[in-house]
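**Q** Pasting in a structure now, in structure tokens, and then I'll have a few things to ask.
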Amino acid sequence: WIMGHMVNAIAQIDEFVNLGANSIETDVSFDKNANPEYTYHGIPCDCGRTCTKSEKFNVFLQGLQKATTPGDSKYQEKLVLVVFDLKSSSLYDNQASDAGKKLAKSLLQNYWKNGNNGGRAYIVLSIPNLAHYKLITGFKETLKTEGHPELMEKVGYDFSGNDDIDQVAKAYKKAGVTGHVWQSDGITNCLPRGLDRVKQAVANRDSSNGFINKVYYWTVDKRSTTRGALDAGVDGIMANYPDVIADVLSESAYKSKFRIATYEDNPWETFKN
């Protein structure tokens, strides 16, 4: 999965997919009542990027729905996975459940069109704080209450705080999550970061009793870093320049080992050689 980083304006969806992304990451900011408000990152952000592009969250969802609905004039067949980077750190811990409920309602209405031919992309809820695990339970309960528990088949999870992997496992246990787990590791492109924790996550993914299904590394701009991440065995790379990742994947060393994921590839299944 080549994951376009910080795609917060509708116009950027086409821009990133046309550069080779089959997945995008979108920032979601919340108001003080835990309503998802804008697709917005803010300053500071990655070096070399504009930090302030944004849309109202529900408006962005409507644009995203068009981009991921076959038959729509804006349909992008290659776009199969969306990571919502939930900026829930602005909330109190006891608001996490509400944030999950409100997020589910927004998606149900504006993206899934209440189960009536909405967007088809798989969705990852990426949460920065382990203490906010109730965001997941709130989200799940709401889809159930609203009569669409089947949409949870399209939803996966990530804790993005680079926490100790054992602690991440405990948070999932509290949230009642078994499966659909993506594990991120990374840092802003302005700073270097080694691959030690990525390798730990990959080892968990590949062990018989691991809880992780997929591992992604962020944010990668350089060919050398891309090669390092691929050599470590990641499933996804988040990038400001998706074409760089696509170029490396076409090199002879990688072309036979990796291919770009399509809609037919289940993002919740651990890849087995």
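Here the Cβ of each residue, glycine as well, is placed from N, Cα and C on the backbone.
In case it's useful when we look at the structure, here is the feature table from Swiss-Prot:
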- His5: active site (ACT_SITE)
- Glu25, Asp27, Asp85: Mg(2+) binding site (BINDING)
- His41: active site, nucleophile (ACT_SITE)
- Cys45-Cys51: disulfide bond (DISULFID)
- Cys47-Cys190: disulfide bond (DISULFID)
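Are these features on the surface or tucked inside, and what are their neighbours?
**A** The Cβ of His5 (active site) has Glu25, Asp46, Arg49, Trp218, Thr219, Met238, Ala239, Asn240 as same-chain neighbours under 8 Å, each 6 or more residues away in sequence.
Remark: Asp85 (Mg(2+) binding site) has Glu25, Thr26, Asp27, Val28, Ser126, Pro128, Ser160 as non-local neighbours, by Cβ distance under 8 Å and separation of at least 6 in sequence.
His41 (active site, nucleophile) falls outside any helix or strand according to DSSP and counts as coil.
Annotation for Cys45 (disulfide bond): same-chain Cβ neighbours under 8 Å, separated by at least 6 residues, are Met6, Cys51, Thr188.
Applying an 8 A CB threshold to same-chain residues 6+ apart, the list for Cys190 (disulfide bond) reads Asp46, Cys47.
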**Q** Under 8 Å between C-beta atoms and at least six apart in sequence, can you list the same-chain neighbours of His41 (active site, nucleophile), or say none if there are none?
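**A** The list for His41 (active site, nucleophile) reads Met6, Asn8, Asp27, Cys51, Thr52, Lys53, given in order along the sequence.
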**Q** Would you pick out, from the disulfide-bonded residues Cys47, Cys51, the residue whose Cβ has the largest number of other Cβ atoms within 10 Å?
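**A** Selected residue: Cys51.
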**Q** Counting across all protein chains present, how many other Cβ atoms fall within 10 Å of the Cβ of Asp27 (Mg(2+) binding site)?
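**A** Result for Asp27 (Mg(2+) binding site): 24 other Cβ atoms within 10 Å.
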